[in-house]
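**Q** Right, I'll just put the structure down here and ask away after.
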């Protein structure tokens, strides 16, 4: 196709795509493709009219009850969560019973967030396996144990394997009978159908699967409890920083802690010339012995319900679940529980608390009365909302696609108990298209969420603060904790930086708005 404009790029002049697609020849090309290939292109005025209507109260009343379609949900699929959970155990190779394309997606999703490669294999199911079952794929696939030399293989499933009803337990036993792997080699499994639930359900299923494998084969559940405390982080995009912070805090208290699924090393390997297919992770022996711990703490109640129920039946008598404890109060509650269990309060932690309170006092005038929309996983939304209220801010719209009716009531109770947040409302089983209606009809100052919120930011012109998984378009946030007093300080700084950037952007026109373009904030 000919163009009326000369081509802007040549071998001697390579233009970055940011600039290239703004050149006249590309503008002309895009316009022509729209005219030729879009069936009956809608007039610009009609597009503008409908767009304006979708921002109204009338449209919101039609949009919020919609359940038959989901547009931009705040969740991913079960296998992603299961894969993350599996990679938190020593020398573990996730084995996805399904197609290669699916496992490529799961690996890519995690890699784009953590900026680290992650190892997983597939049983490479194709059309014949979909008809006759995937037993032979499982038998052949588990033989990769000899090539990759893991200490454990954790099996999860895709939609294909679940639709045809493959029996993982039976398949694994058959594979062991065929000597694909030694009979005593650990191969825990979890059924993780991607067409129901979410990544947090998949995480829960895999944690339960691993514990069932080790604890279900323990010889003596009546062994006296030891002084160890188990901790389950839950699905957490900041797991690298948060798990290390939890271990640091445990060290300050002198607590012997077993983190059940510790991905902090596996997703933060150094570039030192040594390739590590498996790095760090919870030792398998410690996982087996965790059944004898004095207590188990879950950092995310809504991310670990089945695991907690299993622990109630089989494991440590003491159980405590939190909702992504952030901020002063959230950290207070966690550390008081640790002090109670260990009998060892730490002065160092008290000093950290005082520094956080001082920082909040220094900056509270910039936070007081600011209105926020928060979306993400159920526990994150709860923890984040509580911290915002501590800062004097107002969480207005709290939304989670994975949120249940129970979660809605819990969030609403928290909001109603705070005068500054009493106008806030929780929305479970809703998506970002619903949130779009909410923020257009009931304005907020900032949105807290993940990278998918950037399209909402562009549409609504409301600044986005990225504080939860996945963060694809920013680098290395996951290395910094959001839990503990130090983590709360990191979150506070992240929020304040966005507020100050917004102030500068709105006061930088010389002679018009720069009267408040201040050097000191």
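Note that Cβ sites are derived from N, Cα and C of the backbone, with glycine treated the same way.
Okay, these came from Swiss-Prot:
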BINDING   77, 102, 159  [8Fe-7S] cluster binding site
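Structural setting of the listed features?
**A** A helical conformation is recorded for residue 102 ([8Fe-7S] cluster binding site) in the three-state DSSP classification. Cβ-based neighbour count (10 Å, all protein chains) for residue 102 ([8Fe-7S] cluster binding site) stands at 21.
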**Q** If you count, for each of the binding-site residues 77, 159, the other Cβ atoms lying within 10 Å of its Cβ, which residue has the minimum?
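**A** It is 159 that, of the binding-site residues 77, 159, has the fewest other Cβ atoms within 10 Å.
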**Q** Show, in sequence order, which residues other than 77, 102, 159 on the same chain lie with their Cβ within 8 Å of the centre of the Cβ atoms of the [8Fe-7S] cluster site.
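**A** Those within range, site residues removed, are 78, 79, 98, 105, 106, 158, 160, 193, 194, 195.
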**Q** In three-state terms from DSSP, label residue 159 ([8Fe-7S] cluster binding site) for me.
**A** helix
